[in-house]
Amino acid sequence: MISEHNRKRIVTVASCSFMIFLFLMPLFTSQGKVNNFFYLSLILMAVVFLVDRQRLQNFIQDAKTPLLFISTFLFYFSLSTFWSTGEGTFTSALKHSFYILFFILMINHVVKNYGILRLHSLIFAAAFTLLLLTFIFVDKSTLLTGRLENGFFGAPSNVIDLGGYFAVGIISAFIIARESGRHWIYFPASLLFIGLLLTQSRGPLLALIVSSFLLFAKYKHIHLRHILSTLGGLVIIGLFFYFTGYGSEYSQRLIDAYQQSYVRFGIWQHTLELVEQRPWFGWGFDKTLSFRNSLGAVVTTTHSVYFSTLLKGGVVGLILLAGVVSAGLGCAWRRFHEAMALEAMLYLFSLMFFITQGMFVIGSPSEAWMLFWLPLAVAMASRRVAPQVNVRAASFSD
């Protein structure tokens, strides 16, 4: 039997291991060795739960309703491996689904036991470190034209995902400023925004801008320090455009991307044609695209998680995803009314980001964990509740 003191020590080690994983995951995307910290956390927590069922109940207590929707979604797509023609197996998909559930619950555990500030300090530190490493290793001669491609080896291979990481870091910086009052954090957040611009990716930029409109509905009283901090950030970004002449390069990139946007519509049309062949349950977990678009390029991804869900899981799968999204929006709504509008903003950013990006969200630790499951977990986690003082008992003792 493990004593209560040792249980607490094991949980502490598991929490620290998970937080190390959370910091390293954005820096070394899809690097297997980093995942060992996650596995260690999982094993240690499992040991404690085996001897302490009450602790397990407390671990999942706050997330039961959204967890039900998420579990159903994950289990259905694990089952879809049986009618898929790929190499994926039911046990492998189910294992990754279990990892995702544990990841979501551990985010809630970190918030409850270490606070919102600790969680988002880790996320911001990881995003900003990734930005610095990218600037160090990227080819400086193509810094303003190469979309930050071929930079740091551990970064996401897709610059759109890299831009998404930077956007998540920006929102985390705002949360840090709110929780701690450290408004100097807007300076490195401005650098993250410059990094986002240098990826020349429309998706994460538009998702960040549109989701930020939520803040205007919440913060009706603007303080002078907010205005000065915002102006300071805008000055930094403006100086970057002025001294680099990057404005014309970026605007031309947006124009070219807009002119080529019809390519994505062609991909979605082809996806719907495949869905018509198997409308209800889809093609299964491993289904990908394989065709040449109008530009002659070979396409393997739907460039939308929602279309991918429809392709793999059919109408049933899309309905289950809608359940997950609805549960997440319900959590985001509660956070919005708990003075945590930035957490709701992060989740809205994620939902909009994946309209035009991604293939699927179930798998080993990867970009989807950072850009889909993390924002959902943040929306599900409420503030840490301080212990209540028993006023009546105190008065009697006096």
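Sequential numbering from 1, following the chain as shown.
Heads up, the Cβ atoms here are built off N, Cα and C, so glycines get one too.
Summarising the annotation, TrEMBL assigns transmembrane segment to 9-28 (among others). Same-chain residues lying 6+ beyond the ends of the transmembrane segment (9-28) with a Cβ under 8 Å from its Cβ atoms: 2, 34-35, 37-38, 40-42, 44-45, 47-48, 55, 106, 109-110, 113-114, 118-119, 122-123, 125-127, 129-130, 133, 152, 154-155, 165, 365, 369-370.
According to TrEMBL, the transmembrane segment annotation covers 34-51 (among others). Note on the transmembrane segment (34-51): residues 1-2, 7, 10-11, 13-15, 17-18, 20-21, 24-25, 27-28, 59, 99, 102-103, 106, 364-365 of its chain, located 6 or more positions outside it, place their CB under 8 angstroms from a CB of the stretch.
Summarising the annotation, TrEMBL assigns transmembrane segment to 63-83 (among others). The list of residues near the transmembrane segment (63-83) in space but at least 6 beyond its ends in sequence, with Cβ under 8 angstroms from a Cβ of it, reads 89-90, 92-94, 97, 100-101, 104-105, 108, 281-286, 312-313, 316-317, 320-321, 323-324, 326-328, 330-331, 362, 376, 380.
Per TrEMBL, transmembrane segment is recorded for 89-107 (among others). Long-range contacts of the transmembrane segment (89-107) within its own chain (CB-CB distance under 8 A, at least 6 residues past either end) are made by residues 15, 18, 38, 41-42, 45, 59-60, 63, 67, 70-71, 74-75, 77-82, 119, 285, 362-365, 369, 373-374, 376-378, 380-381.
Here TrEMBL flags 119-138 (among others) as transmembrane segment.
For the transmembrane segment (158-177), same-chain residues at least 6 beyond its ends with a Cβ under 8 Å from one of its own Cβ atoms are 26, 29, 116-117, 120-121, 123-124, 126-128, 130-131, 134, 147-149, 183, 185-186, 188-189, 192-193, 195-196, 199-201, 203-205, 207-208, 229, 342-343, 345-346, 349, 353, 357, 367, 370-371, 374-375. Residues annotated as transmembrane segment in TrEMBL: 158-177 (among others).
Here TrEMBL flags 184-199 (among others) as transmembrane segment.
Feature annotation from TrEMBL assigns domain 'O-antigen ligase-related' to 189-321.
Sequence annotations record features per position, and here TrEMBL assigns transmembrane segment to 227-244 (among others).
Annotation comment: TrEMBL describes 314-333 (among others) as transmembrane segment.
Beyond the transmembrane segment (345-362), the same-chain residues lying 6 or more positions past its ends with a Cβ under 8 Å from any Cβ of the stretch are 74, 77-78, 93, 96-97, 100, 160-161, 164, 167-168, 171-172, 203-204, 206-208, 210-212, 214-215, 264, 285, 288, 300-306, 308-309, 312, 325, 328-329, 331-332, 368, 371-373, 375-376, 378-379. Under the heading transmembrane segment, TrEMBL lists 345-362 (among others).
Remote same-chain residues near the transmembrane segment (119-138) are listed as 19, 22-27, 107, 110-111, 146, 148-155, 162, 165-166, 168-170, 172-173, 175-176, 179, 185, 188, 191-192, 195, 374, 378, 381 (criterion: CB distance under 8 Å, separation of at least six residues from the stretch ends).
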